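Below is one structure, written out as structure tokens, with a few remarks after it.
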Amino acid sequence: MSIILGIDPGSRITGYGVVQQKGSKCIYIASGCIRTKGDTLAPKLDMIFNGISEIIKQYQPTEFGIEQVFMAKNPDSALKLGQARGAAIVAATQADLYVCEYSARQIKQAVSGSGGATKEQVQQMVMQILNLSGRPQADAADGLAVAICHAHTAQTIVAMSGKVSKTVRGRFR
């Protein structure tokens, strides 16, 4: 049984989702957004770091997943996103959590079956997978999607580990 914290980083809004993995099922625990204020970046990064640290203390995750930076049209936006990710990653590593990173395409594929899924499709699938009665806010849904992606990816790696060790020159024994 694992508790997974998924993070969708952003310099203005960082979405998070906490799920418990029981076998092949994901059970909703919590989700929300860390909303930063102000015009300067340093206080925003501090809010992200402190917010993630507080979530870690409250929910005691055993695993941590975060979305990778994608190259936006605006390089300044990509740099700010990278710094927001850094603040979240430091909070995780200070809590002795191993950090796993996933591309937006991997996350969409794991949740919806399509790497090109829209935000609305991801939200809908998150609702179905976690059996939620209402639609989570977009950034929170993305955080939950990261956690679900991590759960599915980790499960696949564990399932394959026994088989991979039984191969010789690419063939199963």
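Each residue, glycine too, has its Cβ placed from N, Cα and C.
Here Swiss-Prot flags Asp8, Glu67, Asp139 as active site, drawing on sequence analysis. Residues or ranges marked as Mg(2+) 1 binding site by Swiss-Prot: Asp8, Asp139. The Mg(2+) 2 binding site annotation in Swiss-Prot covers Glu67.
In the three-state DSSP scheme, Asp139 (active site) is classed as helix.
Burial estimate for the active-site residues (Asp8, Glu67, Asp139): highest at Asp8, by number of other CB atoms within 10 Å. Rounded to a whole value, the Cα-Cα separation of Asp8 (active site) and Glu67 (active site) is 6 Å. Glu67 (active site) falls within a strand segment according to DSSP. Each residue contributes its Cα atom, and for Glu67 (active site) and Asp139 (active site) those atoms are 12 Å apart.
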